[in-house]
Amino acid sequence: MKCAHFIDGPHCVKACPAGVLGENDTLVWKYADANAVCQLCHPNCTRGCKGPGLEGCPNGSKTPSIAAGVVGGLLCLVVVGLGIGLYLRRRHIVRKRTLRRLLQERELVEPLTPSGEAPNQAHLRILKETEFKKVKVLGSGAFGTVYKGLWIPEGEKVKIPVAIKELREATSPKANKEILDEAYVMASVDNPHVCRLLGICLTSTVQLITQLMPYGCLLDYIREHKDNIGSQYLLNWCVQIAKGMNYLEERRLVHRDLAARNVLVKTPQHVKITDFGLAKLLGADEKEYHAEGGKVPIKWMALESILHRIYTHQSDVWSYGVTVWELMTFGSKPYDGIPASEISSVLEKGERLPQPPICTIDVYMIMVKCWMIDADSRPKFRELIAEFSKMARDPPRYLVIQGDERMHLPSPTDSKFYRTLMEEEDMEDIVDADEYLVPHQGFFNSPSTSRTPLLSSLSATSNNSATNCIDRNGQGHPVREDSFVQRYSSDPTGNFLEESIDDGFLPAPEYVNQLMPKKPSTAMVQNQIYNNISLTAISKLPMDSRYQNSHSTAVDNPEYLNTNQSPLAKTVFESSPYWIQSGNHQINLDNPDYQQDFLPNETKPNGLLKVPAAENPEYLRVAAPKSEYIEASA
């Protein structure tokens, strides 16, 4: 008979005895061998065994050692933590006592909050009123007056032509703040393609002294010389404007008012961006600026700026596209015939400015990219510089202008303004501002160097108002009856140079959207939406009674005029004539390029006539109607 489990002597057991009390009160420990027979463990095995001898005895438990190690480690951590806490506490107490001592010694110590921005090391020159002389009035408005003048630095025998912008005596604190903000922005820039501030005079009325641009603004310049401007000039201007705007973007400045009227011509080869009355400086962590109101140029603004008053560097790109369109159409008005209040809906429906007749698809596509609804889809200014620089190396490939290779700008010495300048002042020792300031980057006390007189270096100034976009003939554009060359080509592949002059030339249109005589012409715009009646017909149209300020000398585009004026405001406008000394003709403050209540289907009555001090900070379009900035409802 065999046991089912183990054999312990004569007995069958389920398990070998383990710790059973035996003889002499000793514990008996047994283990099962290979035959399932219980055998006694070695006498020294006091906790059982797994085999014969001492080798079968179990090892001692490691649990106490592990527990001891864990407890010891925790104690060490607690001690180290207490030590660190005491150290930090003592350091905090020392710092607190130090700050308390500094506060007692210096009365106030502001906490340090570094922004990471580079310091603005621009110099603001404070000029004495005796250092400059006002020569003649260039223009005036509700905010003040702009003079042509001469800056004669103290202790030097040079004269620098300048424009002096002076606020009125009874100017509001807000207007003073706006002109000082403008001075801050202009003093912070230093670029060949951005107009610079020469100084500020803090008399009873604040005065800004800026560079005087002898050729006036670019809009006026291209309108006057449209028959002599070739493709190379147009593309070079596009490059220079893009360079100026790229510089402003690098300085985190949003211009908000880029247009051809706000680009000044120093020489036909050199243009500069001006009018920083609306410009805003973004902080290091800001990417957009939210405007609260003010006068805004609706037809040059991006859609997000019109609808939400959001201004970014990419909204400046949109304005740049419209500015390029102005250049390529030789001063045409964007969206002519469309009321400013409808611009947002027109843009939302996908309509854009038409392709100028002289532009190839390459140039027009750049404009279209600038007018994308998605701001991030628009090109950057550095990309625009690269594109137009490439085109400027081969102008006839991208702009098709008849007789392009024979075009040259007329001698500026024939201009009326140049002759007036010569007659009015002793022009000896006249020096250009840029040339004068080169050796004076530090300040005014550096020694004078040899300079080239302005009259010999600048062969002239234009017959424009020196710093203003003048609307000639009271129409906002010149009338050139002797223009006989058909300059526009709708088909870039056509060889119009082979046509004979004797075949009969039609007068070139003054604007792309102007109707031509009965004979078909390639100068007509293909998009009929923008076609307009002839210049003569425009001047004969009666003003719509729905709009205010309908002077005979006002801009004949009533849909742009401010309808949100109280009777008081209307009376002030209609009874406030402004005169230009040179032309002696009356003008109006209304300007169609800027509107007040530009949000769709929204009008809020405003009983106050408000023309901000920054209406045109640089040169104030002298003969141009002055409603270009119409107040935007907050």
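Even glycines carry a Cβ here, placed using N, Cα and C.
Listed in Swiss-Prot for this protein:
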DOMAIN    132-399  domain 'Protein kinase'
BINDING   L138, G139, S140, G141, A142, F143, G144, T145, V146, K165  ATP binding site
ACT_SITE  D257  active site, proton acceptor
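Features recorded in Swiss-Prot, as mapped to the structure shown.
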residue	record	Cβ neighbours (10 Å)
L138	ATP binding site	27
G144	ATP binding site	24
V146	ATP binding site	28
D257	active site, proton acceptor	29
Where does G144 (ATP binding site) sit by DSSP, helix, strand or coil?
strand
Distance [Cα-Cα, Å, rounded] between L138 (ATP binding site) and the residue listed as 'active site, proton acceptor':
21
When pLDDT is averaged across the domain 'Protein kinase' (132-399), the result is 87
